Amino acid sequence: MASFFSTLRRSLNRLLIALPVLLGLMISTPAQAAQWDAETLTVPADGDGALVTFSEQEIKTGRKVFNVSCGTCHAGGITKTNQNVGLDTETLALATPARDNVASLVDYLQDPTSYDGEYSIADLHPSMRSRDLYPAMRDLTDEDLRLMSGYILVAPKVLGVDWGGGKIYF
């Protein structure tokens, strides 16, 4: 019995020595968020294949602008009014004209058209053309549109199917 208490005492002493060291390391080491790599932040700039690399700060700003201006109907990259048409990469690429690059998304935000590109939906969808009808669009600049477009294109790389998954995922 004495050897049991002796072993227990030695184990507790070791733990009491190691515990403050471990706590000190946990407290003194700041948490670091994972850094996004350049590949994740690089998206098509236009339909000709040019690429643009956004900074993390630009994507964060684009996310904030998107959430305030578009997030009510497009939270998580879905379209609440038509869950068959989301903001996922495949759906954007299949639109006419394709909306899978920054320039074409900015063009859409300025003057939106139907998914098949046949007619304008500016009276039904918030845009710069119809900013008098949609207050969330009134104060947006061209830079805001560019940053939102960057966020829309980077989000599927970061979130995967959680971005724009549509009705099959929700």
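Positions of Cβ are set from backbone N, Cα and C atoms, glycine also.
Owing to the predicted nature of the structure, the values given are computational and were not obtained by experimental measurement.
Residues or ranges marked as heme c binding site in Swiss-Prot (evidence: sequence analysis): Cys70, Cys73, His74, His125. The annotation signal peptide is assigned in Swiss-Prot to 1-33 on the grounds of sequence analysis.
Around the Cβ of Cys73 (heme c binding site), the number of neighbouring Cβ atoms within 10 Å comes to 12. Its own atom aside, the Cβ of His74 (heme c binding site) has 18 Cβ atoms within 10 angstroms in the protein chains shown. Every protein chain considered, the tally of other Cβ atoms within 10 Å of the Cβ of Cys70 (heme c binding site) stands at 20. The Cβ centroid of Cys70, Cys73, His74, His125 marks the heme c site; residues of that chain outside this set whose Cβ lies within 8 Å of it are Gly71, Thr72, Thr79, Lys80, Pro126, given in sequence order. In sequence order, Pro112 constitute the residues six or more apart from His125 (heme c binding site) in its chain with CB-CB distances below 8 Å. Cys70 (heme c binding site) carries neither a helix nor a strand DSSP state and counts as coil. For the heme c site, whose binding residues are given in the record as Cys70, Cys73, His74, His125, the maximum C-alpha distance rounds to 12 Å.
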